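Right, one structure below, let's go through it.
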Number of protein chains: 2
Amino acid sequence: MQTFILSALCGCVALAFAYFLAIGIAKIKVTNAKMEEISNYIHQGAMAFLKREYKYLAVFIVILFIILSLAIDIFTAIAFVVGAIFSILAGYFGMQVATKANVRTAEAAKEGENPALKIAFSGGAVMGMCVVGLGVLGLSLLYILFNGKVIYLTGFGLGASSIALFARVGGGIYTKAADVGADLVGKVEAGIPEDDPRNPAVIADNVGDNVGDVAGMGADLFESYVGSLISAITLGTSLFSGKEGVTFPITLAMIGIIASIVGAIIARNSKGSNPQKSLNMGTYISGILTIIGTAVLSKVVFNDFKAFIAVASGLIVGLAIGKITEMYTSADYKSVKKIAAQSETGAATNIISGLSIGMLSTVFPIILIAIGILVAYFSMDGASDSTMGLYGIALSAIGMLSTTGLTVAVDAYGPIADNAGGIAEMSHMPKEVRQVTDKLDSVGNTTAAVAKGFAIGSAALTALALFASYAQAVDLKSIDILNPVTLSGVFIGGLLPFLFGALTMQSVGKAANQMVEEVRRQFKEIKGIMEEEAKPEYGKCVEISTAAALKEMLLPGILAIVIPILVGVLLGVEALAGLLAGAVVTGVLMAIMMANAGGAWDNAKKYIEGGAMGGKGSNSHKAAVVGDTVGDPFKDTSGPAMNILIKLMTIVALVFAPVLAQIGGVLLKLI
Amino acid sequence: MQTFILSALCGCVALAFAYFLAIGIAKIKVTNAKMEEISNYIHQGAMAFLKREYKYLAVFIVILFIILSLAIDIFTAIAFVVGAIFSILAGYFGMQVATKANVRTAEAAKEGENPALKIAFSGGAVMGMCVVGLGVLGLSLLYILFNGKVIYLTGFGLGASSIALFARVGGGIYTKAADVGADLVGKVEAGIPEDDPRNPAVIADNVGDNVGDVAGMGADLFESYVGSLISAITLGTSLFSGKEGVTFPITLAMIGIIASIVGAIIARNSKGSNPQKSLNMGTYISGILTIIGTAVLSKVVFNDFKAFIAVASGLIVGLAIGKITEMYTSADYKSVKKIAAQSETGAATNIISGLSIGMLSTVFPIILIAIGILVAYFSMDGASDSTMGLYGIALSAIGMLSTTGLTVAVDAYGPIADNAGGIAEMSHMPKEVRQVTDKLDSVGNTTAAVAKGFAIGSAALTALALFASYAQAVDLKSIDILNPVTLSGVFIGGLLPFLFGALTMQSVGKAANQMVEEVRRQFKEIKGIMEEEAKPEYGKCVEISTAAALKEMLLPGILAIVIPILVGVLLGVEALAGLLAGAVVTGVLMAIMMANAGGAWDNAKKYIEGGAMGGKGSNSHKAAVVGDTVGDPFKDTSGPAMNILIKLMTIVALVFAPVLAQIGGVLLKLI
């Protein structure tokens, strides 16, 4: 119990650090009135989205609270509400600060790269620290409150997952509806550049960066983070007679938090020549600190290094997947150049090439995940005790996620820098300012791609760890795919990511169409927009993205919750296990394929814009723009939605396990 | 044994019917010299491809024969050679006749739709009857030769699968390299219409239709057909003390052959107003005859209707998948219209829309397959005897494939009609001739899409049936995905269709690029091509497609054979079982997604060409052409390659099962 008091304090330390960073950002004065005005639009747009989202969430939380109290028990229901609220708080704090850090980054960019990097990174670090701080704090408080009854903690995970669904899927639809809408009319039809204040959808586009990439990514990793901890804690409780199975993961989380804070301080204050190097430096140092700390911890708690190997396998696989992602999506490597070259024969060859590279890019990450699973399992003596082996897999998930605080910081820095560039452009800042923010933004593109790979890898391991917990909860000793009921589950699970991908892509299409019509209407009806004599109605576009995102999110969201329960009730717990396994496999494959194809298309376009294959305005460029537009929903909506889908479905299965174990398989009992 | 003498005779009846049809086609005189000339080019091109392919195959067959004799036994090796040769013969006969039927269809089109349909369909039926005739004949002879030792029959399946790999993957690369190459330079750059004799790649394009859609599809279904029979026969031998487990499937095959012949005669001679109706009529009648025959057979052999239900479930699922495929790919339904509408905002929205419809179209076929599996399993009392249940799944695969003779006929009819149109165009026939062939061709497009759905569904069931045989062969009582070794196998298996898809798409891209350069060179260097004063060098383009197809096929082909053996040796038979399951699930999903997206893009383009959304030459049309080009390798190369991949890997696993059961899992033994 003392460990959890300590970990609660450690969570508070992370939050205090976030507060300290936020104060530092707020202190900076914005001197330019135009910049302040635009920044306010973005801030208000983001907050308007959050408020509307919260209304939906309130209804959702109440309904699920009632269901959980009736079907499961009141404690799980309470944990669910706490999990949901903590995830909401993390998103709220992160967005509040991010939408203030953007304009201040632009302000600091006047003085050069280093000051601007410091602000943008600090803004991202607030989100990162809130994620890990609130995650550990929430879990620790509930553990103490429930006096160590870990079964109720699954509710906390369900709360986090539900909010992640809304934040990630809704945010993904929001940001791409605005982006595609703004581009199709603004760039293509009206011929005005990106981030032009005359474009009515420009504020919605900038809000979208925050909603999707800051709040969405944060909620996604919050879910993975608490999910992996819950899985290790529940498996650890049943495995050991003492408390070591629980002490180890929560102490590991503390080590990760401290390491992340150290890494963040280093990244923030390093005065290197190159922002990418500063961020890398912070990441590597926090990784090394975690590894050292884990080795010591493993020796102290278990008196061997087995747990250390399991944790390290996750951490190393996570870093390796990040690096592979970079190799497939950065213009420094041959894949992106190949797509650029294929753009010379038109849009069709650009698309074929991008899709095939996306598919190809699944190979090494999946093999690494497979190796990671095997190492983690066998390092914990899985060969002789399978539950112990599964505990090893949960530890490796925590290992991958231990430095989440820093990972989110490095990722959320990107959209802040991107926003800063937009604000500088819209308020007609001198060219040098834009150059600084562009530099930061381009670094942000790489970090975003890497973070996406990381989010996928961690989602896979977290889902597998939760899957193991589910199997234990419904008392499945084996999940036999020679059994056709299980096999049917695998097939149905396998198709869900395809269904989810289809629905979310169609949602983006629908919402973008509405946006296109609104922007066209404003260009036609508001006289003087093009001469900058009249202001566009930014609010209307923000409203469209907000409404569309929330509406379109409902169907996939409901499916993700209802289908596992339905399959469990009708076909039983084994079919549900098959469903989860099938969904994890195709979900991870589709997530990697979509994220990397999207990232590669994006950078192939930028590579051409940099002067290759005829440069901007050439036919190659036009072809590359098609690829980039296809890639938008791939990488920012449908791809990330897969992470949520697989985690949410496994946690739903885990929470409802007691009920399903009792009444599951109604249909089969009829035979 | 008498049953197998009878079934060998029945196979001969199918071959005799094929011979009778071929004689009928050969009798028709070609009166137009120009037509004859062009038809000869196509015939020679197709035969040149086959000859080159056979050289590769000879080397391959010898190598694998040696490996099999040493690693397994000489009888399996002999069966392998017989299977390979029979598959080659089916393809050879089918292509010989198809490349004669095309010009005669054009000839008959002068007299109207019905005579032309009769020739085109007869040409297709030769391929169909060769597939089922040689399949049943080969299996029966080997069964008699080996005196009922069914274990050796797996070699026959491996032979069929190996040839299918070459025919389907190589053929797919051939046809799309020629098609994309011809279109990119001919239509887009030089502005000449489809099937214009001035295009140097036009003959290669027409040869490709035969190589890909006649020989490739035939080999694919030959593999499924014999694979499902082998699986049922091996499971059936071990299950029953008497011979009923073997008698039932082979007699069922005989019923299917007779029903197919009756259906073919009806389709061929019906004088309906509409070619689609004639084909449907034949299909339905042969389906009904098979159903009735199976009911009687089930009662006679097993004295109940359980086996009948298993068979019927496969047959019905097959028909239903065909219908669903039609709904997603025909312009009569809303999906294709939606893609056409989305083309109005450009290529990007066309692509997004097509991909999402492809993904969405996986839902119902997969659910149907899952239901089919469950019905087949439980109808054969799988709940109490799991091997009996798996036998039920094998029977349902045979059920789906029982009318293969007719399915191949209806499908192979399409490329013959397509070729006839090309020949009419190139030899400047009167417009009315082209109108008739166009009508037949458009019907062929639908039947092709339906046949693709059918090929995928049958590949899934056949692979699952073989998978069950494999599990029995290596004595796996359960395949537990909670075991991380198996789970790793599932992940690796899941990624293989993505890898295969990426490799085959890139191959098409590479080969098409070579074709583009050659066509450009000829336009530049051969004076008078455009004025039809000089002839293009058709042979050079045929040569490029041939060489590229054979070269590019090697890597994916070797991977499909080596990876399952490698995983089996290193990680053991359970990991290999996981790999097969993972590959079947994602393979079927990707196959459906790619086939249906490709078909829908194709028909969306045709729908616009018919006058919708601004018609031919509009911006919508340009966008739709991009979608169609992306869809070409989707539907004709990578998608169908998935069918082969999953069947080939399971049959490889099954053949090498005895070795793997002994030495499998080398890596794990080190731990």
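Using the three backbone atoms N, Cα and C, a Cβ is placed for every residue, glycine included.
Database features (TrEMBL):
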- A:ALA448: site 'Determinant of potassium dependence' (SITE)
- A:6-26: transmembrane segment (TRANSMEM)
- A:54-72: transmembrane segment (TRANSMEM)
- A:150-167: transmembrane segment (TRANSMEM)
- A:246-267: transmembrane segment (TRANSMEM)
- A:279-301: transmembrane segment (TRANSMEM)
- A:307-326: transmembrane segment (TRANSMEM)
- A:347-378: transmembrane segment (TRANSMEM)
- A:390-410: transmembrane segment (TRANSMEM)
- A:485-505: transmembrane segment (TRANSMEM)
- A:553-573: transmembrane segment (TRANSMEM)
- A:579-597: transmembrane segment (TRANSMEM)
- A:644-668: transmembrane segment (TRANSMEM)
Need a quick answer: max count of Cβ pairs under 8 Å to the transmembrane segment (A:390-410), which of A:6-26, A:279-301, A:347-378, A:579-597, A:644-668 is it?
A:279-301
If one looks at the chain holding A:ALA448 (site 'Determinant of potassium dependence'), which residues at least 6 apart in sequence have a CB under 8 angstroms from its CB?
A:ASP213, A:ASP411, A:GLY414, A:PRO415, A:GLY599
Residues outside the transmembrane segment (A:246-267) whose C-beta sits under 8 Å from one of its C-beta atoms, at least 6 past its ends, are 3-4, 6-7, 10-11, 13-14, 17, 121, 125, 128-129, 132-133, 135-136, 139-140, 148, 150, 229, 232-233, 236-237, 278-279, 281-283, 285-287, 289-290, 293-294, 297-298, 301-302, 307, 311, 394-395, 398-399, 401-406, 409-410
Which listed stretch (A:54-72, A:150-167, A:553-573, A:579-597) has the most C-beta pairs under 8 A with the transmembrane segment (A:347-378)?
A:579-597
Go through the chain and flag residues at least 6 beyond the ends of the transmembrane segment (A:150-167) whose CB is under 8 A from any CB in it; none is fine as an answer.
53, 56-57, 60-61, 64, 68, 72-73, 75-88, 91, 135, 138-139, 142-143, 215-216, 218-220, 222-223, 226-227, 230, 233-234, 237, 246, 466, 469, 553, 557, 560-561, 644, 647-648, 651-652, 654-655
